[in-house]
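Encoded as C-alpha cells, the structure appears first; notes follow it.
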Amino acid sequence: MFEWTGSGDGAVEAWRIEVTGTVQGVGFRPCVFREAVRLGLSGTVANIPGGVEIRVEGPRRALEAFCRRLREAPPPLARIRSLTVRPEAPGRAGTGFRILSSREDRSAAAAPVAPDVATCGACRAELFDPADRRHRYPFLNCTDCGPRYTIVESVPYDRPRTTMKGFAMCDACEAEYRDPANRRFHAQPNACPRCGPRLALLDAGGRPVAADPLREAAERLARGEVVAVKGLGGVHLAVDAAAEAAVARLRARKGRPSKPLALMARDLATARRLGDVGAAEAALLEGARRPIVLLLRRPGAPVAPNVAPGVHELGVMLPYTPLHHLLFAEPACPPVLVMTSGNRSGSSLCAGNDEALERLAGIADAFLLHDRPIAARTDDSVVRVAAGAERVLRRARGYVPEPVALPRALPAVFGAGAALKNTFCLVRGAEAVPGPHVGDLEDAETFAFYQEAAAHLSALLRLEPEAAACDLHPDYLSTRYARGLGVPVLPVQHHHAHAVAVMAEHGLEGPVLAVVFDGAGLGPDGTIWGGEFLLARPAGFRRLGSLRSFPLPGGDAAAREPWRPALALLRAAGRAGGDPDRPPGVLRQIPAGSRAAVLRMMELGLQAPATTSAGRLFDGVAALLGLRARLDYEGQAAMELEALAHRAAAAGERPAAYPVALRRGAGGWRLDFRPAVRGVLRDIGRGAPPEVAALAFHRWLSAATAALCRRLARETGAGEVVLGGGCFQNRLLLEDVVERLTAAGLRVYAGERVPAGDGGLALGQAAAAGFRLQGGA
Ligand code: ZN
Ligand code: ZN
Ligand code: FE
C-alpha cells in the first residue's frame, strides 16, 4: 500500500498525505486532528484543490496506524477516493497538530462540497433535552449533520463563504467551534438560539403572528390550513395529508389537479402504516440523505384519496431538519403532512423569503420562515427500491453535488440535459457532477433557475468547460444555452445519451446492448425515437432495432392526449374500422367527428410524424383500457397502467403474455406491437378485467424485449445490456426485463444513482462528448 520504505520504527519520519474525495465539510479535518493527537503526531492538515493535505511527523509505526485509521474509520459522511503518501524531510512540523484555516492554505481549494445531511441522532437528542442550551432550537447542527450545499456561496467551504456569514458566533458557539474535542469543531453552520437564525410565523399577508411559531403552525395545519415551510433547499407547502378538503384546496390553489403529492411522516412507524417498508426502504427513509421514498401503498393508508389518485405508490420522507422534528413534536401536528414544492405547478421552487411571500400569496394561509438564506435552491430527491437496488428518480437534496465516478478521466465538459425533467451535468477528470433537478425547461423562470444553478455549481467546482454537449433537438432551451457558452458544442443523440448515462455510472466502455424506452427524442433521421435497441459505446452507437413505428397524430398534442396514440395503434392493428358507435376504452369519450378527423390526418400523413416511442405505446394502451383520454401531467397514463397491472400481479393473476413478433427489415429489427394491441382488444372484448390486460401487456413487452436482446446478443457477441429511458422507471417492466435477461446469462445494468429518465440524460451527454473529444471510436 505504501511503497516507501524508510528507516526503523523508532526514528521520526515525515509524511505528506493527500486525501481526495468528499472530504470537505464532512468533519474530515477534525477527524484527522483527533487521530493525530491521539497518536502523538505533530503536523498540519489543510484543504487543497481536490481534497485534503496532511503533513505529519512521528514514528513510522504511529504514522502507519494513523493512515489505517483514516482509511478504515473516516467520518460517516466522508467518501475517500484516494489516499497517497509521500515521504518528506522531517523537522518542519514543529510541535503539536494544527488545522490550517482556508486562509492559510497555499491555494484556493476546490474540493467537492458535500450534500446536505439530515439531523443526526446526537443533535436530535439535544433538541429534545430541556437541559441543553439548544433545547428546541430549530437550526442546530454539527460536523456530522446540517446544511451544506444549500448554504455554500463559494469555495473553499468556510463560514464566511456560506449564508451563515451574517450570523456572528456567540462565545459559547465559538468555543465549540475551536475545540478539537467538540463535535462542533469547525462545523461551519454552527449556531444556537443566542447567535443563530430565527424562526417566524407570518400570516397570509406576510404580517408576523404573535404566537409560538411552531405551535401556531401545527394548530393551523390541524385546522386544514396550507402552511408554507422553509426548509433546506426551498419552501414546502404543507397540509394535513388526511384532510381531503385541505388537500383539494392546496391542489386547486397550486393548479395541480392530480399529480401525486409527497408526504412527510412523523416517524418510521407512521411511514410503515402508509406503505410497504422493507429493510432497504427503511435504510433510505432513516438515512442521512432522507429522500422521498416511493412505497407500495398499503390498504387503509391514513391519507386522503386525493393525495395520489390512480397510482399504487406513495412518496414518503421522514423529517430531516430540526425544524421538521419540532413541528411533528407539537401535540396538534397531524402525523402525516403533504410536503410539496412551494411553487405554482410547473414553475421552480421558491427559496427567498420575499419571493415566497410574493409567489405563494393566495396559495399559503401562513408562512413558517427563517432568516438563514438559501444559496442553492434544491428540491427533495425521489428514490425507489427496484430490482434489488436504490434507483434515484429525481436527484437533488442529499445527493447533489456528490460526484459519480467515471471509468476514466475525461476533458471538462458541460452536459446541457433535456427539455423536460432537466438537469445539467459537469464532468471533471474522472468524475461527473450532476446538477440538482431543475424541472421542465419551458418557461423563463425555470430557465433562469437552470442558468443560475449551472453557474453556481461550475463556480463551486472551479470548472471551465472546454466543450458542451447537448441534445440533437435544436429548439430545447438547454441546447440553446449550450450553444451560447462560447465553447465547441457536441450534439449527442437522445437515446445514445440515455445509454451512456448508465454505462458511465457502471464504468462500462462497451460495446453493450442498450435498450432505451422513453417518450420522445429526436433521431438522426429526423423521426421521433423512443423504443430503441442500440449497440453502444460511449463515443458512438449503431441502431440495431426498434419498436415498429406508428404515426403520432397531432404531434405534441399526442403526448398530452393518449386517445390519439390509441387511435394510431388501433389503425396499425387493422381495427380502426370497427363499429364507430362502440370504440374501445376512452375513445368512447371522443366525438366521432374528432376521431374521423384524426384518422384522416394519419391517412394523409398530415401532422402525423412517425415515432417508435414506447412511452406513447403505453399511453395508447392505457387509453384503450379506458384509463384516460387526456393527461394532467407527463407520464400519468403510463403510471396508471402500471398501477392497474400491479393490482393484477398482487392478486396473483398470471395471464399469458401476448404473442411476440420480431421481424428483420432493411433498417434492422422491428418489435411488432400489433399482436399486443389485438390481444388487449380481444381481452376487453370478452370482458376480462382491464387489470389483467394491463399485466399481460407488461409481460408481453418484457418478453419481447428479452427475446430481441437474446438474438442481438448472439449476433453481436455483446454480453452486457444497459436499460435506460423513463419507461424503465416502471418497476414491473424493469424487474421483469432484468429477471429475463439475467436468466438468459446476460449482465444487466440500469440507472441507480442517476435517474433512468431525462433527469439522467446530461450525464450521458457529457460523458459521450468527453469520450468523443478523446478520439474514441
Ligand atoms: Zn448533528
Ligand atoms: Zn451561539
Ligand atoms: Fe428520454
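The backbone N, Cα and C atoms fix where each Cβ goes, glycine too.
Lifted from TrEMBL, the feature list:
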type	residues	note
ACT_SITE	Arg29	active site
ACT_SITE	Asn47	active site
DOMAIN	14-101	domain 'Acylphosphatase-like'
DOMAIN	211-398	domain 'YrdC-like'
Counting only other Cβ atoms and using a 10 Å cut-off, which of the active-site residues Arg29, Asn47 scores lowest?
Arg29
Could you tell me the C-alpha distance between Arg29 (active site) and Asn47 (active site) in angstrom, no decimals?
8
The domain 'Acylphosphatase-like' (14-101) resolves under DSSP into 24 helix, 38 strand, 26 coil
